[in-house]
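Single-structure report; data block below.
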């Protein structure tokens with residue numbers, strides 16, 4: 001029986017290994033992590049992450065050919081294929097601070113693999129890593145090999161949170177990069193044989209190591225670029241009276257462009273986009289490609305501009321101050337159908353409003369109070385370190401309360417900000433909401449989920465990203 005071990009039981013490792021276990025019953029899969037609380041959660045009825053369909057997959061396989069364990073060394077030692085899916089945060093100090101990936105956890109994983117291995121191993125990069133990481137890992141393993149042969153493969157994940165299980169069942173492509181040597185090709189074939197049990201062979205792409213590593217960064221950079229492009233257009237739409245939804249629809253009909261990732265919003269979030277672009281920028285700079293680096297930096301600048309613009313619009317609309325006013329925040333996750341708050345635009349929007357002394361009442365159906373308070377008090381990039389290495393008791397932000405119900409969050413508020421496109425926010429009783437808010441009642445829709453005209457008929461003053469401005473807002477100075 002082939003044995004697979006995955007180091008790291010997070011958003012990538014957990015779902016990916018669960019689906020491999022489901023689709024490949026002849027393979028024994030172990031997911032290991034040093035976090036006791038995380039592994040306990042994977043072995044319970046309350047999984048540590050929310051992802052539609054994940055619970056059903058885990059329950060079908062757990063205890064049969066899918067195991068979650070803290071005994072890292074045992075499972076690594078026994079495995080034929082070791083996936084490494086550990087945190088690769090952005091460095092906050094030293095060389096490359098603010099841009100380069102911190103490979104501390106990757107390096108310690110590689111050294112541990114070398115220490116405990118007693119048989120040949122295929123080591124698979126599953127974390128998003130900079131180009132040439134495989135080469136560094138290869139050096140660590142070969143210099144500590146004790147006669148054991150290691151082959152390094154790059155197998156980047158292209159999952160979208162909220163649809164990760166479907167993405168795993170039916171991927172656009174599976175990418176495997178390896179050395180162009182006989183041993184490297186043999187390792188590629190071994191991993192290909194795993195995926196071929198549930199993925200059509202024509203969708204399994206095999207490349208060299210560097211192409212696989214760079215393809216992941218490039219894919220995320222291109223997706224983020226589309227979001228920043230449409231968000232840049234949203235600012236122009238507001239200035240000219242155009243409607244960004246109509247513009248997006250029109251350009252998306254061009255088959256060369258296509259309709260995906262053209263929804264204007266308060267900004268992109270998630271664990272990968274910003275981190276991967278910063279990584280790309282650093283690699284470009286290290287290779288003397290300053291113009292290319294500047295080009296990709298602009299994608300992040302526009303994203304920051306969009307979040308700042310949203311905060312400024314809220315403050316300027318409400319008589320240029322939100323001090324002491326209750327502002328309801330609907331949605332804190334970076335997008336719907338996930339509880340993930342990493343790099344969510346809600347953090348920067350909330351911090352911006354808190355700077356102006358607003359009182360925030362936050363509701364998200366999948367994010368608890370502890371997570372929200374932690375996110376609002378952590379420093380930038382701290383979120384990407386393992387939980388046990390984050391500050392233990394972040395300070396509670398006193399101006400923030402967390403509600404368990406949208407209506408409770410909104411009661412007596414002066415304004416309402418929609419920051420995640422949860423379906424339930426479209427179905428709320430906005431007449432009831434209006435009756436329970438301070439007047440004038442403001443709605444700031446950062447995801448374009450509400451029917452603007454209906455809300456204006458009820459009596460709301462509505463700001464919706466990239467839509468023609470409410471007469472109330474037209475009289476105010478332009479927000480930049």
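Including glycine, each Cβ sits where the backbone N, Cα and C put it.
According to TrEMBL, the feature active site, nucleophile maps to 272. TrEMBL lists 8-13, 33, 38, 86-90, 127-128, 161, 272-275, 342 with the feature NAD(+) binding site. The domain 'UDP-glucose/GDP-mannose dehydrogenase C-terminal' annotation in TrEMBL covers 328-452.
Sorting each residue of the domain 'UDP-glucose/GDP-mannose dehydrogenase C-terminal' (328-452) by its DSSP state yields 41 helix, 19 strand, 65 coil. Between residue 90 (NAD(+) binding site) and residue 272 (active site, nucleophile), the C-alpha separation comes to 11 Å. Cβ contacts within 10 Å of residue 87 (NAD(+) binding site), excluding its own Cβ and spanning all protein chains shown: 20.
Recorded residues residue 8 (NAD(+) binding site) and the residue listed as 'active site, nucleophile' have their alpha carbons 16 Å apart, per Cα-Cα distance.
Around the Cβ of residue 11 (NAD(+) binding site), the same chain contributes 49, 51, 159, 161, 164, 271, 340, each under 8 angstroms and 6 or more positions distant in sequence. Taking the Cα atom of each, residue 33 (NAD(+) binding site) and residue 272 (active site, nucleophile) are about 21 angstrom apart. A Cα-Cα distance of 11 Å separates residue 87 (NAD(+) binding site) from the residue listed as 'active site, nucleophile'. Neighbour count (other Cβ atoms within 10 Å of the Cβ, all protein chains): 20 for residue 90 (NAD(+) binding site).
In this model, the domain 'UDP-glucose/GDP-mannose dehydrogenase C-terminal' (328-452) carries an average pLDDT of 91.
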